Amino acid sequence: MPNEMKPGQDGKKSVEALRSKFGAAILAEAWQTPDQVTLTVELSSLPEIVEEAYYRQGGWLSSVVGNDERGLNGHFAVYYVLSIEKERVPDKNFWLTVKALVPSHKPEFPSVTPRVPAAVWYEREVRDMFGLEPVGLPDARRLVLPDDWPDNLYPLRKDAMDYRFRPDPVAEEENYKFIEVEGEGIVEVPLGPLHITSDEPGHFRLYVDGEYIVDADYRLFYVHRGIEKLAENRLDYDQVTFLAERICGICGYTHSVAYASAVETANGIEVPPRAQYIRTILLEVERMHSHLLNLGLAAHLVGFDAGFMHFFRVREKAMQMAEILTGGRKTYGMNLIGGVRRDILKEERDQVLRLIAEIRVELDELLDLLLNTTNFISRTQGVGRLDPGVARDFSPVGPNMRGSGYARDTRADHPYGAYDRVPWDVISRDGCDVLSRELVRAAELYESLKIIERCLAEMPPGPVLVEGFAYKPYSFALGYTEAPRGENVHWVMTGNNQQVYRWRARASTYNNWPSLRYMFRGNTVSDAPLIVASIDPCYSCTERVTVVDVRKKKARTIEYKELERYCQERKNSPLKS
Amino acid sequence: MLKLLRKALKVGEATVEYPFKPVEVAPGFRGKPVYDFSRCIACGACATACPPNAITMDWDLERGVKSWNINYGRCIFCGRCDEVCPTGAIVLSAEFELAAARKEDLYCRAELKLCKCISCGAYFAPCRELEYVLASLRQAGLLEGGHEGWKQLLKVCPECRRRQAASATGALGRPGRMPGGRQ
Amino acid sequence: MDQEVKLAELKAKLKKVIKRSVYIYRVDCGGCNGCEIEIFAAISPVYDPERLGMKVVASPRHADVLLYTGPMTRAMRLPAIRAYQAAPDPKIVVAYGACGCSGGIFHDCYSVWGGADSIFPVDVYIPGCPPTPAATLYGLAMALDLLQQKIKGEQFAETEVTRVVPQYDGVCPELAKEIEQEARRLSGYLHGRRIAAQYLQFVREGDPLAVDRKIKELIKQEKDPRLAEVFLSLHKIYMEKMERVGHNAG
């Protein structure tokens with residue numbers, strides 16, 4: 001390993017524990033940083049070792065990376081990335097990556113999902129993109145690739161195709177197989193893929209019994225563009241920071257920072273402190289606009305439109321802040337490998353501090369208004385429960401997780417940027433419902449204001465950018481940030497031609513979708529949009545809802561607008577006709 | 001309800017007057033990259049840096065021109081071109097009113113002349129780029145007495161320079177392909 | 001088709017058919033959400049397009065204007081076509097954002113088709129990544145012929161060879177480069193360039209002693225400690241260089 005490091009104390013202990021249990025199945029141990037270790041294990045022991053780390057070492061599944069390493073060592077590889085948070089003390093936490101080589105002549109690996117449910121989406125994705133079969137994975141459907149994509153063409157295999165290759169559509173209609181829910185009178189509700197609220201397309205299917213949701217299924221990835229392949233082929237290291245921003249238009253900067261810090265860590269590049277502060281300030285500016293957006297949306301969905309408008313009015317101040325600091329309202333374009341491109345001078349700082357004071361006053365009044373709107377409390381309390389047990393199995397992240405009593409926040413668990421240099425608090429609530437999640441966001445807004453103020457006041461002198469370093473070929477590391485909707489984890493392996501060999505970007509919402517199904521259950525159809533919005537998905541609602549009545553065995557489609565109206569008014573159920 | 005009303009009264013008019021009055025953007029706003037043809041030396045730094053390939057450059061060795069091309073419809077307004085341009089020929093402006101009914105109106109194109117190699121006679125580099133390098137060398141005092149050789153050297157294409165260097169050191173040039181078949 | 005004919009056609013379409021306010025329907029064809037959220041911000045009270053008679057609606061069946069965002073991913077092609085077919089004729093199709101206009105940064109990816117006009121004819125392009133709410137209002141107003149188009153295609157050609165003079169004429173290029181690099185390293189490309197230009201102006205105007213005096217005066221007067229810090233660092237480079245030159249000469 002080109003970037004060999006000395007291990008941290010606590011990480012070392014955990015690895016010893018795994019070694020004593022699995023002995024010879026652990027083939028190699030390499031430390032990328034004092035808190036990032038990669039263990040290479042026997043393919044057949046992969047599920048057991050991941051399970052042990054997940055449930056008995058305090059692990060959470062943060063990412064799974066497939067990689068075509070045939071050009072390097074003759075094999076494919078899978079990497080299961082776990083955040084080990086055993087004692088909930090930040091400096092004892094570390095990242096454990098379990099790696100296994102998959103033979104190229106027999107591209108299959110034992111599925112981890114039966115032991116660790118959180119792996120389900122990841123393994124479906126590895127199958128789509130690399131053609132590696134997770135043996136024992138119950139779900140045989142595609143996840144990422146569109147329905148009209150040819151079989152046996154795996155985009156991320158190095159020899160599969162040019163990144164620009166666009167095969168002819170093999171299907172002229174969508175043929176995704178939604179789950180079948182057996183039972184008397186279940187109604188199926190398809191939602192989407194075109195949406196009304198703010199966001200991306202996604203297709204939902206709700207299975208209802210009368211007014212109550214029994215189960216749900218969804219087809220997402222309507223926006224799959226091929227970003228990772230693009231980065232491997234057309235762009236250089238610096239250009240990918242701009243591409244990473246375009247993974248998500250709401251929290252793009254968090255992706256850019258996570259990507260840049262992965263590359264920086266892998267190559268041992270030290271980012272100057274001033275650049276770390278500037279990145280932190282912008283990450284919090286982004287969190288503010290995102291949380292204000294989500295609170296506005298929640299107000300809208302419970303029928304409190306005046307509140308929605310006020311939240312959007314105040315949000316414009318956060319947008320203004322971004323424009324002052326970066327020259328753009330979003331997609332800040334600030335990162336290069338090694339630091340940032342733009343400094344913050346006194347004039348800009350003063351303007352931002354003025355805006356912060358304004359936002360704080362406005363926020364006090366707005367939250368007072370929102371929380372004293374009885375409708376808001378009654379519609380959100382006890383709704384869309386994310387059970388802590390379900391949460392443990394699926395590793396959800398962000399305010400979604402922190403509303404269910406877990407104080408998991410990457411900013412504190414694995415500090416980066418300036419988060420360990422300024423004081424702030426991790427916010428959590430334990431109501432497990434929509435209300436708790438919104439309260440977490442509301443409280444986090446104040447923390448953001450605090451962090452920005454402190455960072456602006458304490459920004460150290462010195463450069464904002466380092467240059468003149470050399471990239472080490474085929475070294476890899478993790479980069480991570482806490483996006484407004486939860487932990488983002490990027491894994492980067494450098495190549496030998498000024499381009500990444502493999503870049504795996506895992507967005508926070510990816511970890512939040514699989515447990516959504518459980519959050520729907522037992523709620524009424526009228527709450528569905530509110531529940532979806534409460535995880536603050538990068539792709540929110542949908543245009544139509546297919547409702548399947550389990551008792552009448554009848555499916556019908558409802559316009560999303562109608563569902564949204566029902567969510568707001570709770571009168572004249574569209575199901576009764 | 002009363003609270004809400006009070007709030008609305010307190011806030012008053014929140015709407016900006018745009019488009020009836022111009023809207024102000026922050027200093028350093030990243031708007032339309034404005035191209036100054038008179039300062040472009042066709043070095044291609046912007047095209048290399050541009051993440052979405054909004055800026056592209058093409059060589060036409062037949063006609064002896066290098067063309068520069070920007071598609072504002074593909075631009076992501078990151079300002080990398082502005083950052084890397086050595087002469088200040090492309091600068092981001094505050095202009096954001098870029099909507100167009102014809103796609104052609106989103107393009108800006110320029111053609112710059114190429115210079116011929118004095119040894120083989122093939123086109124090889126933009127004239128302005130060579131002149132710019134010479135002007136920089138002159139400023140650095142490297143073109144004064146005895147350094148005239150620079151000037152000659154710059155007018156030879158890299159291929160010929162390599163060949164000349166190889167024959168000067170007595171090494172054999174790569175046999176076979178001679179560009180343009182000229183000596 | 002030349003611009004006049006096309007604009008005239010657009011106008012005619014509007015005048016004849018749309019005599020009331022227009023309804024806008026958004027179709028996200030695989031965008032990153034940046035455009036969606038800016039459209040959302042554009043319908044917030046701060047920009048309020050309803051005062052101009054524009055309203056965002058929830059179904060393409062009510063729409064006069066279709067706003068396509070995103071680079072047209074494979075999975076969204078069929079839904080995009082369905083939305084197009086569902087909107088009554090005549091309709092105005094607007095390609096929104098860099099992706100909608102041309103595929104943007106994703107223009108040659110395997111899972112996209114690249115821009116709304118890869119599927120159907122587009123009437124108006126609104127560039128931006130994403131377009132700001134003001135740019136959105138301008139674009140829509142232009143689509144409805146309420147405002148004039150500003151941008152024009154441009155074409156330049158070199159008729160005779162002209163020279164480009166280096167930016168800091170009169171300053172040693174090596175020094176200029178060093179100062180510029182240090183300013184960029186300390187304060188980024190935007191502020192750094194301005195600071196470097198200001199500093200090099202001093203160098204151009206005077207001998208080392210005069211420069212030293214002027215800079216010390218400037219730093220004393222400067223209210224922004226960060227700017228003073230950067231100026232001081234640049235000054236250090238210059239003074240060291242002068243000293244070296246002095247040594248060499250002596």
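In case you wondered, yes, glycine gets a Cβ from its N, Cα and C as well.
The model shown is predicted, which means the values in this text are computed figures rather than measured ones.
Positions annotated as Mg(2+) binding site by TrEMBL: A:Glu228. According to TrEMBL, the Ni(2+) binding site annotation covers A:Cys248, A:Cys251, A:Cys538. Under the heading Fe cation binding site, TrEMBL lists A:Cys251, A:Cys541. Residues or ranges marked as domain 'NADH:ubiquinone oxidoreductase 30kDa subunit' by TrEMBL: A:40-160. Annotated domain 'NADH-quinone oxidoreductase subunit D' per TrEMBL: A:302-469, A:477-544, in sequence order.
Checking the binding-site residues A:Glu228, A:Cys248, A:Cys251 against chain C with a Cβ-Cβ cut-off under 8 Å leaves A:Cys248, in sequence order. DSSP assignment over the domain 'NADH:ubiquinone oxidoreductase 30kDa subunit' (A:40-160) gives 35 helix, 39 strand, 47 coil.
If you draw a 10 Å sphere around the CB of A:Cys251 (Ni(2+) binding site), it holds 29 other CB atoms from the protein chains shown. Under DSSP, A:Cys251 (Ni(2+) binding site) is assigned to coil, being neither helix nor strand in the three-state scheme.
Across the fold, the C-alpha of A:Glu228 (Mg(2+) binding site) and the C-alpha of A:Cys248 (Ni(2+) binding site) stand 14 Å from each other. Least crowded of the binding-site residues (A:Glu228, A:Cys248), judged by neighbouring Cβ atoms within 10 Å of its own Cβ: A:Glu228.
Broken down with DSSP, the domain 'NADH-quinone oxidoreductase subunit D' (A:477-544) shows 23 helix, 25 strand, 20 coil.
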